[in-house]
Amino acid sequence: MREIVHLQAGQCGNQIGAKFWEVISDEHGIDPTGTYHGDSDLQLERINVYYNEATGGKYVPRAVLVDLEPGTMDSVRSGPFGQIFRPDNFVFGQSGAGNNWAKGHYTEGAELVDSVLDVVRKEAESCDCLQGFQLTHSLGGGTGSGMGTLLISKIREEYPDRLTTPTYGDLNHLVSATMSGVTTCLRFPGQLNADLRKLAVNMVPFPRLHFFMPGFAPLTSRALTVPELTQQMFDAKHGRYLTVAAVFRTAVCDIPPRGLKMSATFIGNSTAIQELFKRISEQFTAMFRR
């Protein structure tokens, strides 16, 4: 089985991650105690991608939860699916990063990163055939940005042949729904893009053109046809699409997304990503001049 180890760092990353586990646990028929209550064999066929089967038929997420202060960890534990995680996989400090990138990357985060890597190593050792990691974190603040980038660099050093993919996000539910759609091919049986390596081969025409953009439709729960969903997902006004992987669910899929009768998710390799890099560069230049 091709497993994925999930990491979530900082307040934003943990809130998105908690919502993500709620969504995919619901899709796989896993209740908050880790017990399977589904009604389809498809839900269990590739469940080991994100879950480890423990004693007593319990399913435990392959998740590592990280923060530099205990507050977020407490809120995750007290959440609806807080008891499903392995207690040893909560790694947190006491001081916090104070929205300071340098603290998360060089001081407090650097002191905690070895403990995080030990937990990541244990999760990786329990996998039969690890295909990669996914990390949810914010691009601002201290822990998510500072320690998030530190974790990515450390993972690249220790697992150089794995694909590291930071995710995107503002709205937790939208991000978790998009992540659920993107990982559908990995979690359920299919012929196309069944693991991260195949996805990378299909989506990256040239090594340096490896920046993906996600899309999701519909944003409101209403009846749509497949052509209407496709039209909502794509924006042909900005940039040119080099490669696209689209996942349509419910009309042609036995397991629909939660709360929607039909949805579509895509990952696109588009030249429109250059506008994001330009905007970040301009904002950095403006702040640096001050």
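Backbone N, Cα and C define each Cβ position, glycine as well.
What Swiss-Prot lists as GTP binding site is GLN11, GLU69, SER138, GLY142, THR143, GLY144, ASN172. Secondary structure at ASN172 (GTP binding site), as computed by DSSP, is helix.
In this structure, GLU69 (GTP binding site) belongs to neither helix nor strand by DSSP; it is coil. Sequence-distant neighbours of GLU69 (GTP binding site) (same chain, six or more apart, CB under 8 Å from its CB) are PHE92, GLY93, GLN94, SER95, GLY96, ALA97, THR143, listed in sequence order. Residues or ranges marked as Mg(2+) binding site by Swiss-Prot on the basis of similarity to another entry: GLU69.
Annotation note: THR55 (phosphothreonine) sits in a helical segment as assigned by DSSP. According to Swiss-Prot, the phosphothreonine annotation covers THR55, on the basis of similarity to another entry.
Its Cβ taken as reference, LYS58 (N6-acetyllysine) is surrounded by 15 other Cβ atoms within 10 Å in the chains shown. Under the heading N6-acetyllysine, Swiss-Prot lists LYS58, citing similarity to another entry as support.
When pLDDT is averaged over the motif 'MREI motif' (1-4), the result is 83. The feature motif 'MREI motif' is assigned by Swiss-Prot to 1-4, with similarity to another entry given as support.
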Could you state, as a whole number of Å, the largest distance between Cα atoms of any two of GLN11, GLU69, SER138, GLY142, THR143, GLY144, ASN172, the listed GTP binders?
20
Just to be sure I understand the packing, how many Cβ atoms besides its own are within 10 Å of the Cβ of THR55 (phosphothreonine)?
5
